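Quick one: the structure is below, questions incoming.
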Amino acid sequence: MADDAKRYGSSAFIAGYSDAKQEQYNQYLKKLHRDFIDSWNDKPQDQAKLGDFEQQKILGTGAFGVVYLTKHLITGKYYAMKMLEKENIVKLKQIEHSYYEKKILCGLNFTFCVYMKYFFKDNVYLYFVLPYIAGGEMFTHLRKLGKFEETSSKFYGAQVILALEYLHACELVYRDLKPENILIERTGYIKITDFGFCKLIRGRTWTLCGTPEYLAPEIILSKGYGMSVDWWSLGVLLFEMSAGHPPFYASDPMRIYEKIVAGKYRCPNHFSLELKDLISRILQTDITRRLGNLKSGALDFKNHKWFREIDWDSLLNSRFPAPFIPKIRSPGDSSYFESYEEEKIKESPICLYEEEFADF
Ligand SMILES: Nc1ncnc2c1ncn2[C@@H]1O[C@H](COP(=O)(O)OP(=O)(O)OP(=O)(O)O)[C@@H](O)[C@H]1O
Ligand SMILES: [Mg+2]
C-alpha cells in the first residue's frame with residue numbers, strides 16, 4: 001500500500017478544480033451555513049399529526065424505532081416516517097441525540113441530504129417525516145451486485161464528499177456514514193439519511209458512537225475528535241463500495257478495533273492504482289496526514305486523480321449521468337426495500353416522558 005502511494009507521490013493530484021473556484025464555492029457554503037444557524041436558533045412548530053397520514057409498510061428498522069412508508073392524506077404525497085419510541089430513547093440515553101436529530105433535519109438544505117418535511121410527537125413516539133427516497137439503500141444494491149464498478153463508486157463517493165463538505169461547513173459532524181444510510185433517488189443520485197448521531201460541534205467531542213467497521217481510530221482510542229472521523233469513514237466507504245467488503249473486518253468487534261487502530265488493510269488486486277492511492281491517503285491513523293483533514297480540506301479530493309472524470313459543478317446540479325437509474329413504477333413503489341414484519345404501533349392513555357421531551 002505505502003509503496004503505491006510512494007510511487008505516485010504528488011503526481012496523484014491534478015489541478016482540475018482551482019483554488020479560485022473553491023473560494024467561490026466556500027462563499028456559497030458560508031451562506032448555507034448562515035441559513036443552517038438561523039434555523040438552529042429558531043424553534044419551529046410542529047405542523048402535522050398522525051391522523052394526517054396513512055401508514056403503508058415498514059422500510060427499515062433501527063435501534064430506536066421504525067421507518068414507515070406513509071401517505072400524506074391531504075396532498076396524496078408519499079413520505080418516509082421515522083418513529084422513535086420515547087421509552088427506547090430514554091433507556092438508551094439518547095435524549096440529547098434525538099433533539100439534535102430533529103434540529104439538524106429541520107435545518108438541512110443540501111441536494112445530497114434528506115430534510116424534515118413535518119415533525120410532531122404523541123404520547124408514545126416522536127415522528128420525523130422525510131422525503132421518501134424510493135431507490136432503496138445503497139447497501140441493498142451493493143450486496144446484490146457484490147461490488148460496484150469504480151465508475152459507480154466514484155459517482156457515489158463524489159456526492160458523499162460534497163455532502164460531508166456541506167455538513168462540516170455547517171459545523172456538523174455526521175458520524176454514521178455507511179451504505180445503509182445512503183439512499184438512491186429515482187434519478188440515480190444519492191441522499192444521505194439518518195442524522196441520529198449527527199452533532200453540531202465547535203471544537204472537539206468525545207462520544208463513542210457509530211458502526212464498528214466505520215469507526216475512526218481516534219474514536220476507538222477515546223481521544224477528543226472532530227470532523228476528521230467522517231473523512232476516515234469515507235475511506236472505509238470507498239473501499240467497501242469497490243471491494244464489496246470493508247477494509248477492517250472480523251466477527252468480533254474487538255478484533256475490528258485492533259485492526260483499525262493498527263491501520264493495516266489490504267486492497268483487492270483489481271483496485272486501480274489511483275483508488276489505492278486515494279484510500280491510503282484517507283485511511284491514515286494520524287489525523288494530521290489524513291486527506292480531507294488537511295489545509296485544503298475537501299479540495300484535495302476534487303483534485304485527486306481518481307476523481308478525474310468528475311465534473312463537480314455538474315454533479316452538484318445533477319447534470320452528470322448516473323450509472324444506475326432505479327425502476328420506480330409509481331410514487332409509492334417500495335420494491336427496492338426489503339420486507340419487514342409488521343410491528344404493533346403502541347398507544348398510551350397518558351403522555352409518556354412528557355418532561356424529557358417538553359421542548360421537542
Ligand atoms: N427518507 C427515507 N426514504 C426511504 N427510506 C428511508 C428514509 N429514511 C430512512 N429510510 C429507511 O429506514 C432505515 C432506517 O432509518 P434510519 O437509518 O434513519 O434509522 P435507524 O438506523 O433506526 O437510526 P439509528 O441508526 O440512529 O438507529 C434506513 O436505513 C432506510 O432503509
Ligand atoms: Mg441508520
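Just so you know, glycine gets a Cβ as well, placed from its N, Cα and C.
Source: prediction; values computed, not measured.
The domain 'Protein kinase' annotation in TrEMBL covers 53-307. The annotation ATP binding site is assigned in TrEMBL to K82. TrEMBL lists 308-360 with the feature domain 'AGC-kinase C-terminal'.
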Give the sequence-ordered list of residues that share a chain with K82 (ATP binding site), lie 6 or more positions from it, and have CB atoms under 8 Å from its CB.
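K82 (ATP binding site) has long-range Cβ partners G65, V66, V67, Y127, F128, V129, L130.
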Can you give me the average pLDDT across the domain 'AGC-kinase C-terminal' (308-360), rounded to a whole number?
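Its mean pLDDT is 95.
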State the three-class DSSP label for the residue listed as 'ATP binding site', counting H, G and I as helix, E and B as strand, and everything else as coil.
strand
